[in-house]
Amino acid sequence: MANTTGEPEEVSGALSPPSASAYVKLVLLGLIMCVSLAGNAILSLLVLKERALHKAPYYFLLDLCLADGIRSAVCFPFVLASVRHGSSWTFSALSCKIVAFMAVLFCFHAAFMLFCISVTRYMAIAHHRFYAKRMTLWTCAAVICMAWTLSVAMAFPPVFDVGTYKFIREEDQCIFEHRYFKANDTLGFMLMLAVLMAATHAVYGKLLLFEYRHRKMKPVQMVPAISQNWTFHGPGATGQAAANWIAGFGRGPMPPTLLGIRQNGHAASRRLLGMDEVKGEKQLGRMFYAITLLFLLLWSPYIVACYWRVFVKACAVPHRYLATAVWMSFAQAAVNPIVCFLLNKDLKKCLRTHAPCWGTGGAPAPREPYCVM
């Protein structure tokens with residue numbers, strides 16, 4: 001099933017011509033590399049250059065793009081070389097461990113980062129004032145550093161043969177050697193990845209329930225005015241009684257202060273949240289959930305194959321299924337820029353600004369009424 005010699009396979013003699021399946025693998029992985037490097041580079045430059053994108057969600061997106069770009073530039077060329085040499089590793093055992101460490105590092109980093117993003121998306125919708133006050137540049141840097149630290153903690157132990165990194169011939173890459181769970185320690189790593197994915201979708205599910213319960217604004221409740229002598233004061237008063245008294249048409253004492261007109265300090269200091277701002281946060285939430293869902297869909301076949309190896313000892317994973325699952329996990333590094341440019345209007349507008357041949361964006365939409373969140 002996997003290479004169990006303990007050392008990467010070396011190629012001796014002349015290279016044999018690649019088969020048809022090898023050509024397909026080379027073409028697909030080359031296309032994935034080009035799309036990933038170009039798309040992530042363009043997206044990263046836009047976020048760095050445009051001041052309008054210097055916000056917490058785009059800082060997290062920048063981190064994801066840089067990680068995917070580095071993964072494509074560092075890990076994928078070794079896979080191309082192994083496919084070109086007949087599914088064999090032509091480099092040293094140490095380089096195999098380094099490449100495997102980086103591949104696992106970027107996988108767990110994406111999972112941890114997507115979970116943190118889901119939490120911030122929930123905070124942005126459900127507790128917007130707290131989110132706007134606390135989610136500063138330094139907070140974003142702390143979240144990103146935490147995600148990288150946890151990823152290193154997950155990817156580093158196999159370097160010391162705790163769940164061994166080896167070249168897997170069927171996958172054409174250096175990665176975890178998944179064997180029967182009684183003979184290996186990789187089950188814990190796979191469970192951690194599955195728990196992260198489940199927790200991320202649970203947070204988005206909670207966000208969806210929150211939006212469903214708050215899909216309509218509460219109706220205005222009219223409070224009746226209070227009167228004992230036809231002065232009509234209180235929360236429901238309009239001030240007409242006081243105006244009549246000043247004009248000389250009233251009798252008796254001056255009407256009391258209109259308590260309902262005056263706002264307390266806490267209500268007056270509440271920040272008004274524009275409807276366009278609410279729509280922007282929801283748009284970002286949809287974009288990041290699409291990224292999360294694609295991460296799950298593209299990695300799920302490979303995760304199923306890993307669990308198959310861990311729990312099923314008698315039957316090996318079909319070769320075509322495993323090859324398809326591995327290349328789907330590679331494709332995940334290229335889909336984020338495509339999703340972002342399709343679902344994010346701000347990114348498309350910035351891209352049109354820096355690409356005059358695509359035309360300029362239309363006139364900005366008129367500002368909509370405000371609502372208090």
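Positions of Cβ are set from backbone N, Cα and C atoms, glycine also.
The feature disulfide bond is assigned by Swiss-Prot to Cys96-Cys174, with sequence analysis given as support. Look at Swiss-Prot and you will find Asn3, Asn184 tagged as N-linked glycosylation site, backed by sequence analysis. For 1-26, 81-97, 161-188, 309-322, the entry in Swiss-Prot reads topological domain 'Extracellular', with the evidence type sequence analysis. The topological domain 'Cytoplasmic' annotation in Swiss-Prot covers 48-59, 119-139, 210-287, 344-373, and the record cites sequence analysis as its basis. The transmembrane segment feature in Swiss-Prot is assigned to 27-47, 60-80, 98-118, 140-160, 189-209, 288-308, 323-343.
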DSSP-assigned states of the topological domain 'Extracellular' (309-322) in counts, ordered helix, strand, coil: 7 helix, 0 strand, 7 coil
Cys174 (disulfide bond) in three-state DSSP notation: strand
Position of peak Cβ density within 10 Å, selected from the disulfide-bonded residues Cys96, Cys174: Cys174
Cβ-Cβ under 8 Å with the topological domain 'Cytoplasmic' (48-59): same-chain residues at least 6 beyond its ends: 117, 120-121, 124, 135-137, 139-141, 144, 284, 288, 346-347, 350, 354
Collapsed DSSP category at Cys96 (disulfide bond): helix
Range from 27-47, 60-80, 140-160 with most C-beta pairs under 8 A to the transmembrane segment (189-209): 140-160
Distant-in-sequence neighbours of the topological domain 'Cytoplasmic' (119-139), which means Cβ under 8 A and at least six residues beyond its ends: 56-57, 59-60, 203-204, 206-207, 210-211, 270-271, 273, 281-282, 284-285, 288-289, 373
Sequence-remote partners of the transmembrane segment (27-47) [C-beta within less than 8 Å, at least six residues beyond its ends]: 53-54, 58-59, 61-62, 65-66, 68-69, 71-73, 76-77, 79-80, 83, 327, 330-331, 333-334, 336-338, 340-341, 347, 350-351, 354
Stretch-averaged pLDDT - the topological domain 'Cytoplasmic' (344-373): 65
The topological domain 'Cytoplasmic' (119-139) - residue tally per DSSP class, helix then strand then coil: 18 helix, 0 strand, 3 coil
